[in-house]
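Novice: For reference, TrEMBL lists these features for the protein:
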type	residues	note
REGION	13-43	region 'Disordered'
COMPBIAS	20-29	compositional bias 'Acidic residues'
DOMAIN	148-326	domain 'No apical meristem-associated C-terminal'
REGION	173-220	region 'Disordered'
COMPBIAS	188-197	compositional bias 'Acidic residues'
COMPBIAS	198-219	compositional bias 'Basic and acidic residues'
REGION	264-298	region 'Disordered'
Amino acid sequence: MMDDSVEVENISLFQPLPSADEEHDEDDTLISPTRKRGQRAANYSSDEDVALIRAWESVSLDAIAGVDQSSSTFWSRISEHFHGNGNTTTTRTIGSLQHRWSTNQECCNKWKSCLAQVARQHPSGVPLQEQANLAQERYKAMDQQKHRPFTMQHCWTLLQNNQKWIDREFECPSKRPRSNCSSSADIEAYEEDEGIDEMSKRSAGRKKEKERSKKDASGYKEAIQKMIESKERLAIDKDSRWTDIKAIEERKIAIEERKAAAEERKAANEEERLRLKGEKARAQAAAEERKAAAKKKDEDQKIMFMDMSALDDTQRAYVEAMRAKILAEILGGSGGGSV
């Protein structure tokens with residue numbers, strides 16, 4: 001029994017292209033109990049095309065989750081994304097989604113080829129709008145039956161820069177299935193315009209994604225290890241700075257304590273100096289008082305025992321008054337003691 005596991009990147013990209021009732025006239029069926037089997041459904045809207053592309057991007061870019069994933073599982077996941085995005089109100093079958101995806105892809109491939117041809121054949125300086133008009137003419141010429149213009153601009157806008165969609169061309173088989181949408185000559189011209197040697201180029205695909213994931217994981221581990229080492233260094237530096245700061249603070253405290261002790265000694269010395277100065281001043285004052293008292297006593301004694309025989313009346317009266325005053329001081333101060 002053949003295993004239906006396939007590479008995610010190759011799923012549905014290389015199915016036979018639909019006979020082109022091209023961009024809107026699809027043989028689609030809705031899942032609805034009120035619709036008869038095989039009855040044609042409404043054409044896909046632009047919102048549905050965008051939802052389908054977003055679903056394809058989400059599932060196909062998830063390379064790790066897509067390992068050994070079958071085609072049915074792959075498209076079931078796309079269907080879940082498509083119907084779960086909230087922008088679609090119509091229920092589409094998986095077959096319808098596959099058919100629509102093939103149609104969108106074919107039309108965008110043709111449009112890309114037309115743009116490339118115009119870009120190569122016209123020098124720079126041609127306005128973009130004129131280039132688009134020329135590409136549109138080429139596109140209509142490729143549809144030999146109805147000459148319909150390219151109307152999938154909303155799809156092209158999303159796919160033109162999508163690397164996964166671009167890489168799919170390098171993964172294509174060497175023979176493309178024929179389609180009524182374009183003639184064999186158109187397909188050959190398209191392949192020539194793309195300039196792709198499909199047998200000589202291989203996509204990295206899921207292997208590249210896995211290697212990139214391993215590399216990212218290795219880089220992540222390395223970043224974590226560097227972060228841990230950085231934190232350890234920061235912790236060591238922090239401890240070292242804390243030790244230095246603590247030593248500095250301790251030295252500051254010791255200096256402040258010595259300053260305080262010196263201030264206390266200075267204050268004590270000043271207090272002692274003032275005390276001694278006061279005692280000295282008091283001693284000097286006492287000595288001066290004793291000296292003054294002794295001098296006064298000596299003068300008083302001279303007055304008290306002065307010979308007044310040679311004095312005139314005025315001098316005698318002065319001496320007698322002074323003697324009376326001295327006597328009064330002596331009697332008042334000593335309580336009647338003798339001179």
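Glycine is no exception: its Cβ is also placed from the backbone N, Cα and C atoms.
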Novice: Going by DSSP, how much of the region 'Disordered' (264-298) is helix, how much is strand and how much is coil, in residues?
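Specialist: So the counts come to 35 helix, 0 strand, 0 coil.
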Novice: Mean pLDDT across the domain 'No apical meristem-associated C-terminal' (148-326), rounded to an integer, is what?
Specialist: 80
